[in-house]
Amino acid sequence: MAATAAEVAASGSGEAREEAEAPGPAWDESQLRSYSFPTRPIPRLSQSDPRAEELIENEEPVVLTDTNLVYPALKWDLEYLQENIGNGDFSVYSASTHKFLYYDEKKMGNFQNFKPRSNREEIKFHEFVEKLQAIQQRGGEERLYLQQTLNDTVGRKIVMDFLGFNWNWINKQQGKRGWGQLTSNLLLIGMEGNVTPAHYDEQQNFFAQIKGHKRCILFPPDQFECLYPYPVHHPCDRQSQVDFDNPDYERFPNFRNVVGYETVVGPGDVLYIPMYWWHHIESLLNGGITITVNFWYKGAPTPKRIEYPLKAHQKVAIMRNIEKMLGEALGNPQEVGPLLNTMIKGRYN
């Protein structure tokens, strides 16, 4: 990236940030967790700034301060949602720690000793609110995180809010980039201090903040070797194995070299998270409930003419495909690692 985004940050994003946050200090440094690695700022720009368009075109992150993408949803809070979101089921994760490490339940059979660190249940929205309020009243370590794709069970007012999103702007972005279809809008409601550990997605993402503030730390695809993802067949595929709170440098020595790109997003901000970029997301400490909606798009189709050398994200895709093919050919995901070690040791390292 990194030069381009860093240059933009140095040349003007600070002014945009001051302007966007002029009403008052919405958060302070005491609400951010401390980590061992350095970070650089992600640019904060107007959607009309040509530099913002350049960053998105180059698949580099940027915070857009004035898209009005989810303007009708800025009034959303727990009370409004409880009254209007309908009687569908919502996926709610509970954990005894602040970290919500994603896992794919369909892959749990590949690793018999795997134990998820959070539990998922399907409940009504009012049940989620009741559980949340009970936890807040009694205190303790238990935490909740609602993660649900918006679907046709929502009530009329939510539908009207959804139709009022700035689809004109985001559809133009989709068209200009040649992206595939919008695959989902994921609603995220988290407790203060919740953390989604570093992971990457295989889709383009406009991350729209609605309520509260979230800290977002991103890492480009070329830092793959610093972040040590789980194997493709593991339930935590695409997630980093490194515990950011207490890194094990003996197991993960390259983590010493990692450098993040950081921002804090508040209501109305939209963060572009490029496909294959790692992202670590945390609701600020003592910041109250956070509400976010993701806009996930399939990436652009592979060009007919491949340009060399390949980009970092293309190499990540190749590595994923190799792991998948070996798992299928061997008939046992547990044999993939030993075979790769046999291929590489003493020959390529």
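Glycine is treated like the rest: Cβ placed from N, Cα and C.
Quick caveat, the model's predicted, so the values are computed rather than measured.
For reference, Swiss-Prot has these:
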type: REGION; residues: 1-51; note: region 'Disordered'
type: COMPBIAS; residues: 1-14; note: compositional bias 'Low complexity'
type: REGION; residues: 2-125; note: region 'Interaction with VHL'
type: DOMAIN; residues: 142-307; note: domain 'JmjC'
type: BINDING; residues: His199, Asp201, His279; note: Fe cation binding site
type: SITE; residues: Leu340; note: site 'Important for dimer formation'
Cβ contacts of His279 (Fe cation binding site) (under 8 Å, same chain, 6 or more positions away):
Thr196, Ala198, His199, Tyr200, Cys216, Ile217, Leu218, Phe219, Ile273
So which other residues, same chain and not among His199, Asp201, His279, have a Cβ within 8 Å of the centroid of the Cβ atoms at the Fe cation site?
Thr196, Ala198, Tyr200, Asn205, Arg238, Ile273, Trp277, Trp278
Between Leu340 (site 'Important for dimer formation') and Asp201 (Fe cation binding site), the C-alpha gap once rounded to whole angstrom:
24
For the region 'Interaction with VHL' (2-125), residues assigned helix / strand / coil by DSSP:
49 helix, 21 strand, 54 coil
Hey, does DSSP put His279 (Fe cation binding site) in a helix, a strand, or just coil?
strand
Same chain, 6+ residues apart, C-beta under 8 Å of the C-beta of Asp201 (Fe cation binding site), given in sequence order:
Arg238, Ile273, Met275, Tyr276, Trp296
Overall pLDDT for the region 'Interaction with VHL' (2-125), taken as the rounded mean:
87
Let's check the environment of Leu340 (site 'Important for dimer formation'): how many other CB atoms sit within 10 Å of its CB?
14
